[in-house]
Amino acid sequence: MASGSVTHTPRSSVTAIEPPAKALSPLDEELERDEREIHEYGGDDPHPPPAKPHAGEPSALLVLERDFHTSAEVSYLTTTTFLLGYVFGPLVWGPGSELFGRKRTLAVAMVVFTLFHLGQALAHNLQTFFVTRFLAGFFGCAPLVSSGGVLADIWSAETRGVATSIFSASVFIGPVMGPIVAGYIVESGVSWRWIFWVGMIFSGTCTALLLVALRETYVPVLMFNKVKALRKADPEGSAHLYAEIEKQDWTPWAVVQRTLFRPFTMLAGEPILVLVTLYLSLVYGVMYCRKSVRGVPHHLRRPPPLHDRPGRADVHRDRNRHVARRRGQLPLLPALSAPDQGVARIPPAEERLLGAMIGSPAFVVGAFWLGWTGQYASVPWYVPELGAIVLGMGISLIFMSFLSYLVDTYLMYAASAFAANTFMRSLVAAVFPLFTVQMFNRLGVHWASTLLGGVGLLLMPSPFLFYKYGARIREKSKFAPCLDLKIARAMREEEAAAKGEKSTV
């Protein structure tokens, strides 16, 4: 061969030796798929990729799918089965706390709820996991439905506004912090089962504090305990004493009517409870709708830069987003409770509606803003994120305001009102994840958000109507005590009597 000539080895004769593939964690596999989608749908491609589930919690659900050899569609049921427990549990724990007392029902429910974490942590098949998850939701919802009655028992009307607002805000801590904590646990390299071990430790601590620190607050049960103590101390002299709760019919059918039927009776005959429940069911469903669709606005438009992609950064970004949302609410808390600063006065329940009167327009604006800016690749990513914050603020303010309104409206029956409300909104939230992804894929983020915003627009007048006509509606209610109206009427009668005495003198 001549010098200086180049020998070309045929490509087929060279065998490339590739290094062994490195095993990837489920989260890294998900990130790789996201990167492939970025290349596939990047550039000027106007067509967005389909929406994906598992917002904010990809790693935990991916590991669950792998261990149980199931599909993403079946993994939706981890949320649905838990929320189905929230559907049926309130029918027992809400009215039950009005029959047997707050502490007794809370103690039983919390102890069993803590124990059912064992079943989820040790489950080796989907059947065991879903059954124990449903039962955990059934018992775990007791604090949500009984707390309305506890707030009415403990706090006076002058201080109840702030207490109820804080409780209402805490309803969001679980959906916000749960995916963040779960993501950290799975990313740390331990088994996904530690999600439930950590949950068991936390719920066990709360249960221990409840057993030690919480006293009975329900007045009829307190009166029964007092009468029972008097009869024990003086059997002959106190034999004729009976508490009001002892005079009720305690046959099994009567107890069933007062427990299982009362929430439905209230839901069928209380216009305030009906509209509030419809509204809260919508916003609660939208909250779980946002959790179920990953890619709004990240995947339903052009993907953002690599460092802004879903994945590990989602944990920190979601946390910061929700913290910012909470900061936006804090200045409103004094305003929500400002009317309580009067002296010798029970504020009307309608004064609790200020937050909903602000939040209902914010909800509609946020839904349209998010939908019509998140659809198009030409819109910067932070514009729909701002819409998501407005939407979240609207949801939070509607919740805080309407739950406070229910407590002040129904007082000793607040637990049953909360039971009816929790039943309906949990049913909606349990169903939403089953069709959310398909809805956003078929309609697009703009029309799907428009549909939700349109329903919100129909319900938006509710707080304004209640603010004007709520007092008249409460006067006709069988379950609303209307203490503020009775006191106002008594004061007017006293003033009229005083004027009459002066005129005769």
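Just so it is clear, glycine is given a Cβ too, placed from its N, Cα and C backbone atoms.
Feature annotations, courtesy of TrEMBL:
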| type | residues | note |
| --- | --- | --- |
| COMPBIAS | 1-15 | compositional bias 'Polar residues' |
| DOMAIN | 1-505 | domain 'Major facilitator superfamily (MFS) profile' |
| REGION | 1-56 | region 'Disordered' |
| COMPBIAS | 33-47 | compositional bias 'Basic and acidic residues' |
| TRANSMEM | 74-93 | transmembrane segment |
| TRANSMEM | 105-123 | transmembrane segment |
| TRANSMEM | 135-155 | transmembrane segment |
| TRANSMEM | 161-182 | transmembrane segment |
| TRANSMEM | 194-214 | transmembrane segment |
| TRANSMEM | 272-289 | transmembrane segment |
| TRANSMEM | 353-374 | transmembrane segment |
| TRANSMEM | 386-406 | transmembrane segment |
| TRANSMEM | 413-435 | transmembrane segment |
| TRANSMEM | 447-467 | transmembrane segment |
Recorded stretch that, among 105-123, 194-214, 272-289, 386-406, has the most CB pairs under 8 Å to the transmembrane segment (135-155): 105-123
Positions whose Cβ lies under 8 angstroms from the transmembrane segment (105-123), at least six residues beyond its ends: 89, 93, 96-97, 129, 131-133, 135-136, 139-140, 142-143, 146, 193-194, 196-197, 199-200, 203-204, 206-207, 210-211, 214
Leading contact stretch, 74-93, 194-214, 353-374, 413-435, 447-467 vs the transmembrane segment (272-289) - CB distance under 8 Å: 413-435
Cβ pairs under 8 Å between the transmembrane segment (74-93) and the transmembrane segment (413-435), at least three: yes
For the transmembrane segment (353-374): best-contacting stretch of 194-214, 413-435, 447-467, by Cβ pairs under 8 Å: 447-467
Within-chain partners of the transmembrane segment (194-214) [C-beta distance under 8 Å, separation at least 6 from its ends]: 60, 102-103, 106-107, 110-111, 113-114, 117-118, 120-121, 140, 181-182, 185-186
